[in-house]
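Under the heading active site, TrEMBL lists 549. The N-acyl-D-mannosamine binding site annotation in TrEMBL covers 509, 521, 549, 598, 601, 620. Annotated Zn(2+) binding site per TrEMBL: 601, 611, 613, 618, in sequence order. Here TrEMBL flags 70-407 as domain 'UDP-N-acetylglucosamine 2-epimerase'.
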């Protein structure tokens, strides 16, 4: 494929460009345009070798074709695309309305490793003539196939810049060696995951020429909403098949151990026959050993078996729908560990071909599939399950990033590659100055009054915040959460933020392992036994974490506030209610039934005022905003609240703020109520000190500054001498609930390889 990018000032860009490219520095873009020459279009050659790489290249091709004022596109087709045994898949390129500039027959028929070598040699003989005619500015090469190695070698030797897609990844077989060889030949790199980016940096590639974009196929996967998927399923598997009640099988030979991979394929087919479910079997790739695998299929009668459908090729749009609604996918294709995770479809990965790939929780690995029973047991474990959707390999916005990256290439820069030898840069974030993206979380705070959603950066900066009144019913509330999250996720692209996941802070008792609100506070109605993780994850195709608002406040302090680096501390929220969280040995305590740190319900008096929980004498019954409002109303009803300097309108609702104001202006009764509240809170803190012995107590919330001195006084009077040295401070975080919800995501996704 050939692409040209004009580097002159163009007419007003269409909406597509405005949305995705407006963050590109205008000055930088102008400089690149001037260097490359006015009215010049960047010429990019992209050659596609097989059905798999076309599924990744097609979204880029469509993006290039949509911007003729920037690009010119030529398509070169070679490899198995042109072989009848593999479905003549070049036809799908024509059906997508791409003009094929050149067809190169490069596959040498054979069943051993020598045929692959000869195919590379044949491609090397034919490609120079094509590249001489096309004279591209840049060639896009995908993946790790032997055909791609021939493409990269030809382009490098002919001084053509190379953009390599999906470099830096790790898998089994000879593919690893080919992929890394192409990396060393390539001038620019587009990778799909953070770990792939780190591998490229460790391989001494220039960090400024690496783009972490995600997998281009995810742009299509995450936008696939074909409601007529049943017609596709029936077309390929029969009229009597139901969703989640069939299997997709795709297995390729492992070229470094052909005999073992053939044996494994036999065992897989035997297990599938025994499992007795309708199965779509796709023919393997063109590799040494592929013909033997086809013979095994025919020997076992797969093509005529009533439960099986054997096909050479399925168009990618239809393949998406088939795997999205399958009961299971089995084999050793990279599609199983990469693309299928976007739908949460169960996958059984057989053998070593994908060893080292990052996978979602939907993948069950059977590394040593040496018996039929082992594979059959894996089918019994996986079939029919539904896992959370995973976006490890992309967020649906790869193509806009790649097009922006192409436009930034300065053709006047020296062609010779520069390698960045150790030490490697410590900064793992994207630092290409015109494509800078910030790792971020989508944070949701579900309060008694408001529902807030924010984009929060790794440094705790709230990039964008949305606020709505919290609806009273479950249906309206969930609908609003999804709508606000989708809006925020879309806006994240505009502000150059990469959303790693969604964190939700909510009142009540929460099971964080399942993402379920078990019991709600009385402030949030219709909010018990609510599964929050599933609908949000399904809508956004992102991992989701849920926790109690008090726990989130503690996490916020641990990551962004006074608790940073502190091994043991307690956070107390003083607001409408009283809540909190406990950090012990740097970890959050949830308790055996997720009821730990209900600090507002520590009893400090046996005959105290009634609490909303039904008990008496809780801290919350004395020191919460609701308790202070209750006492303020009593004073107001007795005309004992207002003092000189205060005034209230008739329609104004009496609140805790009025009580605090009255106390400051000399109202002794109001002052006495506040002192009692502070004493109750202080006694609760003393109980916490005697139980947990933290080194720090953080008071958070709107009332914290009014209570801090009273709490310190009670500690000095009532606490054991061994705990009196504890520090008591007021939080300096403006939005602890949102920041805590964000830290649920950021701590997890940066602690693991993501």
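Using N, Cα and C of the backbone, Cβ positions are placed for all residues, glycine too.
Counting every protein chain shown, the Cβ of residue 509 (N-acyl-D-mannosamine binding site) has 18 other Cβ atoms within 10 Å. Summary for the binding-site residues 611, 613, 618: the Cβ-based neighbour count within 10 Å is maximal at 618.
The binding-site residues listed here are 598, 620; among them, 620 has the most other Cβ atoms within 10 Å of its own Cβ. Checking each of the recorded positions (549, 611, 613) against residue 598 (N-acyl-D-mannosamine binding site), the C-alpha distance stays within 10 Å for none of them. For the recorded positions 509, 521, 549, a Cα to Cα distance of within 10 angstroms from residue 618 (Zn(2+) binding site) holds for none. Only 521, of the recorded positions 509, 521, 549, have a C-alpha within 10 angstroms of the C-alpha of residue 613 (Zn(2+) binding site). Using the Cβ center of 601, 611, 613, 618 for Zn(2+), the list of other same-chain residues with Cβ within 8 Å runs, in sequence order, 600, 603, 612, 614, 615, 619, 620, 621. Distance noted between the C-alpha atoms of residue 549 (active site) and residue 509 (N-acyl-D-mannosamine binding site) is 9 Å. Most Cβ neighbours within 10 Å, among the recorded positions 521, 549: 549 holds that distinction in the structure as shown. The Cβ of residue 601 (N-acyl-D-mannosamine binding site) lies under 8 Å from the Cβ of 611, 613, 615, 618, 619, 620, each on the same chain and at least six residues away in sequence. Residues 509, 521, 549, 598, 601, 620 are the ones the record ties to N-acyl-D-mannosamine, and the longest Cα gap between any two of them is 16 Å. Cβ atoms within 8 Å of the centroid of the Cβ atoms of 509, 521, 549, 598, 601, 620 (the N-acyl-D-mannosamine site) belong to the same-chain residues 507, 508, 548, 550, 577, 578, 579, 600, 613, site residues excluded.
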